[in-house]
């Protein structure tokens, strides 16, 4: 069925729901590259008027990718909570925006299992940045492994101590630096340069020993392909979190070498290890707008809607952490600071609305039209939106992956400006080892007990 | 405190990562902020500085090689960054022009492409070609004229190699600049170049720059890969680059450049 909207003497027509949603998406280079973006600014706003009048029931009834053709669509529809949907099923997209602006935290938690990615994406397209911030801030998603992530008023940090050749001493040095800035409550997570199981094992042991030696209430992860992590678990290596990059279509996931069945197998293996002391949220997923298009697996659907579908994949495995790597993919998908900022807020909002513990890798590459000022803006907005976690990269410069993320200093800035605390168990640990005062502020000139480790590696 | 500063200085020596920076309240020190800003500026300039194709051709011709200009269908830098597909296609007139200037079939077409860093090409393409020529001469490889291509991505080399009737194409391309490597050149070797080749069918030599893989070593690797590719009839994931082992096992191999 075609959708229509009249502006003055002009009738704007949109062939189907996928077309309407693509045209209603705030402008970005990836949708233009795919040839599905609105041709003019007026067309984009006509599409938004039209989308606002679409009933949520209709979005549910018209899957953008057919049920028979895609395992992610089947997952979304098979796990949809009909009872919870009763509360919002009578609304249009436009009504739903107003419902969200007035909803309480409890209401948002109740409807989360009724929100499909397509519903979340549709409403986000007619929301301004301030709406995305306000509603996300009210959503509460709390997860646990060895500490508690996502409590109100907190922000966690993934400590990302990457090294171009996985050198153990270099990685340890970066971890000690990050811990000394109070980073690492979300996870200490390494992107390895090598993908061998041997290298993975060495890094897993390094992280496990360091966490045990200092009794740090956090979890470790080496971000490698899920099949490699499965093999590591079979070999009895100390795996805390199981990582995988995921996308919003079956074909794009196939491009990553994963299926829902494989993720289920890894999830069950992780649960079997019982390494979480406070909870069993042990999965870690990364996503990013544009991954389906770059895998030629986008089905003519806009990149933001496909990104929200990736959160449905993540949601099925009760993850500890999920983050969009928002500016990593490059300017052919998100061209400049404005597009990256908008996408970061959309991704965070959609994830939270769906009940997923969303963090954001606030980042950019050197061929994007963006710089540190854009990252400061997005980081501050995400802090206001109650973002679950951000990255902590030494000096914001990842020397292994060659991109710029947020630094150890950046999270200190955000805590000072917005009064955000760390995961409570981690906060207590930092205080106990004498690095912070009772309020979580770093003490200047305090003796650093972690440096006892340094003698061995920097002799 | 001074003991701790000393330890941090030693730890910082263990990794190229920016650790032990110290802080000013919650912020970075002025020195760290300026250092980062300068590095980013250099990387940005590398992306946006136009390639000086004329000067490059003069320098390449001084090595005794013929050259030809070419361009992709991306009209400017903004189009190049937004539309990777256009950067992979030859400008409409160039295919015919290259085909017309092709001589007999040859072994290798060399393409110098600006990619994402004109600086990488300006500084490292000519030294690489100069170091590669002795290998080509020794092997008796016939070379097509060197094509200097603007607003070009790696896959543009497929159309160039096909037009020039080359058995293989090597694209020397400016890589996406890292914060501390604005000058990094990549080399992509593809056997039997033609439209529709995938990245899995190429071999890559990356990080070619004075502080990374030196032009001499990169030229040796390119020579090793090309001889293997021509002998075995393949490039890509099934051709593993074992030139490092050759270098390590037999540092006196005749092709080894003087370091």
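Each residue, glycine too, has its Cβ placed from N, Cα and C.
Any TrEMBL annotation is an automated prediction that lacks curation.
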Task: substrate binding, same site as A:158, A:159, A:160, A:286, A:361 - TrEMBL member from A:129, A:191, A:253 - done: A:191
Task: Site of maximum Cβ density within 10 Å, from binding-site residues A:191, A:244, A:294 - done: A:244
Task: Cβ neighbour count within 10 Å of residue A:192 (adenosylcob(III)alamin binding site) - done: 20
Task: Of the binding-site residues listed as A:158, A:159, A:191, A:286, A:361, the one whose CA lies nearest the CA of residue A:400 (adenosylcob(III)alamin binding site) - done: A:191
TODO: Consider the binding-site residues A:192, A:244, A:294 and say which one has the Cα lying nearest the Cα of residue A:160 (substrate binding site).
DONE: A:192
Task: Maximum Cα-Cα separation (Å), residues A:192, A:244, A:294, A:400 listed as binding adenosylcob(III)alamin - done: 23
- [ ] Based on Cα distances to residue A:294 (adenosylcob(III)alamin binding site), point out the closest of the binding-site residues A:159, A:191, A:286, A:361.
- [x] A:286
Open item on the list: Taking 10 A as the limit, how many CB atoms besides its own sit near the CB of residue A:159 (substrate binding site)?
Closed with: 26
